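Q: A single structure is presented below for examination.
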Amino acid sequence: MACGAAERGPEPPAFQRHLEASTQRLAHGYGLRSMSELRDQEFGRLAGTVYLDHAGATLFPQSQLTNFTKDLMENVYGNPHSQNITSKLTHDTVEQVRYRILTHFHTTPEDYIVIFTAGSTAALRLVAEAFPWVSRSPENSGSHFCYLTDNHTSVVGMRKVAAAMSVTSIPVKPEDMWSAEGKDAGACDPDCQLPHLFCYPAQSNFSGTRYPLSWVEEVKSGRRSPVNAPGKWFVLLDAASYVSTSPLDLSAHQADFIPISFYKIFGLPTGLGALLVNKHVAPLLRKGYFGGGTAAAYLAGEDFYVPRSSVAERFEDGTISFLDVIALKHGFDALEHLTGGMVNIQQHTFALVQYTHSALSSLRYLNGAPVVRIYSDSEFSSPDVQGPIINFNVLDDGGKIIGYSQVDKMASLYNIHLRTGCFCNLGACQRHLGLSDEMVKKHFQAGHVCGDDVDIIDGRPTGSVRISFGYMSTLEDAQAFLRFISTIYLRSPSDQPVPQASISDAGALTSKSDCHSPQEGSCTDPSVCNGSYPDTNIMDLHPSLSKASSAQQTPQDKAAGILNGDPGSHIVTNIYLYPIKSCAAFEVTKWPVGSQGLLYDRSWMVVNHNGICMSQKQEPRLCLIQPFIDLQQRIMVIKAEGMEPIQVPLEEDGEQTQICQSRVCADRVNTYDCGENVSRWLSKFLGRLCHLIKQSPHFQRNARKTPKKGQPPGTTVALSLVNEAQYLLVNTSSILELQRQLNASDEHGKEESFSMKDLISRFRANIITKGARAFEEEKWDEISIGSLHFQVLGPCHRCQMICINQQTGQRNQDVFQTLSESRGRKVNFGVYLMHSYLDLSSPCFLSVGSEVLPVLKDCGVS
């Protein structure tokens with residue numbers, strides 16, 4: 001079954017009926033042009049994708065990019081600080097864009113100033129640094145910086161600047177602000193002009209809650225005060241999230257500072273924002289540093305500096321990103337042409353979010369328990385109180401929260417793009433999830449940091465799931481998401497008993513599967529497998545082994561004998577290495593071990609034209625590229641259907657290679673390019689420009705996790721281009737258990753059966769063992785295989801790559817989904833290994849048929 005073509009859950013409610021039942025006059029779409037036509041013409045790249053992270057970044061239409069590119073090709077734009085003709089064109093165009101921005105927000109240059117910044121965060125920092133704070137002193141209490149706890153991290157971060165100025169920072173809870181009306185703090189001393197700043201979002205980026213724009217005037221006038229402090233209140237209205245889908249009228253709501261981010265509105269350019277400053281406030285702003293273009297006059301040898309009279313020029317240090325500013329013109333043009341304006345966008349996106357909220361909140365398990373818990377301060381009754389955001393967590397039928405990272409992984413199988421975590425808004429996250437300050441600190445001590453996938457600690461969620469709509473979102477997007485939730489989560493795992501694999505079942509693998517036979521191209525040449533090959537610069541290997549080994553029973557015979565013998569024994573049944581990261585496996589029966597793991601395992605990787613590592617997540621056809629290692633000839637042969645084989649030397653001439661830097665799982669690695677010939681070969685097969693690079697033999701990448709036993713403190717463990725650890729081990733009894741689950745699912749409409757060989761290949765392990773019980777490997781603390789000793793680092797947390805059939809490159813979400821359900825929503829399978837210690841003074845090998853001796857955690861030999 002192809003990914004995304006999953007069995008359909010209950011059909012979402014009829015959209016038209018919802019529109020008719022709504023108390024709001026809802027509109028879907030933009031007049032005569034259908035949404036499907038808009039998507040086809042302007043967002044064709046979204047075909048097959050459900051993009052629901054518009055609060056993170058919306059998408060740009062094709063016409064906007066085309067017109068911007070055409071503009072750049074037809075005009076010459078120079079530095080606006082110069083005085084030539086091209087510079088004059090740039091200056092005038094930039095000023096026209098400033099005016100366009102003010103018009104968009106229903107105001108004029110007489111009331112507001114547009115200061116371009118590197119984004120809304122830079123705009124907030126500018127306010128924090130330029131605001132006329134008054135420090136605390138014995139004579140007065142000083143200024144107050146108050147911010148709603150439901151604010152973006154970048155707003156909360158302003159308190160560090162305030163603290164440096166000896167200014168008191170006070171977080172204000174939303175409920176306290178709602179009840180603050182009538183606290184006339186200013187009336188007690190009307191002559192006090194002590195400046196205070198209150199910051200709040202027009203729309204919560206966490207839940208989509210929209211706070212009253214009327215607060216702007218109420219706080220400024222003193223009718224609603226965040227705290228009881230005499231003085232003059234200024235208001236910063238964080239509009240970055242709000243203005244992406246709604247009109248903002250600054251003639252009616254005259255906040256003092258309004259930071260915005262343009263990619264939230266147009267999709268591009270990124271890295272450009274603005275601070276809109278009320279002209280009445282501008283003279284109060286202070287500036288320390290001055291950069292190019294901001295000075296009317298200054299002396300290099302004397303402390304003499306006169307700022308420019310224009311407030312915008314005074315605060316725009318250096319040359320602004322003028323081409324990005326010019327791109328805004330085409331953003332405004334496209335938005336107006338495609339939608340008719342922000343009022344239409346607000347109606348369209350609210351219709352979608354209200355419909356989705358209604359359908360999502362009504363989903364129930366058979367026992368009546370809700371499928372989701374929605375975090376909101378509104379009933380989604382009106383766009384005045386709710387934006388196009390839904391924040392939630394998925395529950396099981398017992399009411400327990402399913403971790404957001406698991407939901408994210410499942411969504412990716414259906415090509416649904418959403419956001420998880422706390423969304424840079426910890427205040428709202430704590431409030432809605434019931435997380436105390438002590439809990440957050442405890443979670444950090446347990447290893448959880450912002451942006452990771454640690455979703456449940458001590459049974460409590462560390463974050464949630466967020467979907468958000470943009471102006472190009474469609475009804476089909478909403479319904480695809482609802483079907484995904486229904487399909488995946490209305491089949492409760494408690495309704496699906498998990499059978500346990502028996503010892504006899506595990507021993508029957510040889511008759512049910514051909515997984516013990518090395519595939520074509522495996523290391524079968526005795527001169528290779530038995531170690532008869534030249535030395536390499538990775539490890540010192542002797543040229544031959546004892547000839548007596550050739551007269552002994554073969555590894556395959558050993559494996560078969562043990563499988564049919566002692567049911568409690570553990571043996572190695574298969575060994576795989578993956579010379580090229582994310583490409584096909586190379587199966588061997590005996591293979592040398594080096595300091596990084598199996599020799600040449602994941603020593604190469606394919607990168608795109610930007611030098612970014614490619615994986616099967618982005619390019620499933622990588623699994624069809626088959627590498628073969630020939631240690632005698634010191635070459636790697638790469639094959640693929642329809643392509644002539646190509647050879648790559650195992651080691652390049654160090655004097656001829658140029659070292660470049662790449663990244664693997666956030667680690668910096670030194671690599672070198674394997675040449676244009678193999679680049680052309682890979683590019684032709686994959687249909688995109690790419691290169692093959694190899695880890696430099698002179699660079700050591702150290703593992704973040706180190707063995708706890710067997711090595712002195714400070715010892716580092718070397719890694720190749722692997723993600724986590726040197727080895728991955730999988731137990732065939734565990735695979736058999738999963739196969740049974742999948743076969744049981746066949747009775748409920750699954751369209752595909754899974755062989756043991758297929759399942760083994762999906763998990764891309766190095767070592768396959770035969771064990772007595774499913775998942776017993778997760779109880780191991782360390783193991784010995786022959787003379788080699790390993791520490792078990794923990795389970796492998798699986799991603800959507802296990803959905804890819806390694807023989808065809810086709811996706812199927814059943815494996816991931818079944819594994820998630822059968823293991824209590826966990827997606828762990830296999831365990832990571834690392835050498836406890838390794839003596840390379842003599843050759844070391846892993847062999848099929850070797851006995852595995854596990855030691856249980858806090859116990860003894862298994």
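For all residues, glycine too, the Cβ spot is worked out from N, Cα and C.
Okay, so Swiss-Prot annotates it like this:
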ACT_SITE  Cys424  active site
DOMAIN    704-855  domain 'MOSC'
MOD_RES   Ser34  phosphoserine
MOD_RES   Lys264  N6-(pyridoxal phosphate)lysine
MOD_RES   Ser517  phosphoserine
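Would you situate these features in the structure and describe their surroundings?
A: Close to Cys424 (active site) in the fold, though at least 6 residues off in sequence, lie His152, Thr153, Ser154, Asn205, Cys450, each with a CB less than 8 Å from its CB.
Packing around Ser34 (phosphoserine) is summarised by its Cβ count: 12 other Cβ atoms lie within 10 angstroms of its Cβ, all protein chains included. A coil conformation is recorded for Ser34 (phosphoserine) in the three-state DSSP classification, outside any helix or strand.
The C-beta environment of Lys264 (N6-(pyridoxal phosphate)lysine), restricted to residues of the same chain at least 6 apart in sequence and closer than 8 Å, consists of Ala55, Ala57, Thr58, Ser120, Ala240, Ser241, Val243, Ser244. In three-state terms derived from DSSP, Lys264 (N6-(pyridoxal phosphate)lysine) belongs to a helical segment.
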Q: Based on DSSP, name the secondary structure state of Cys424 (active site): helix, strand or coil.
A: coil
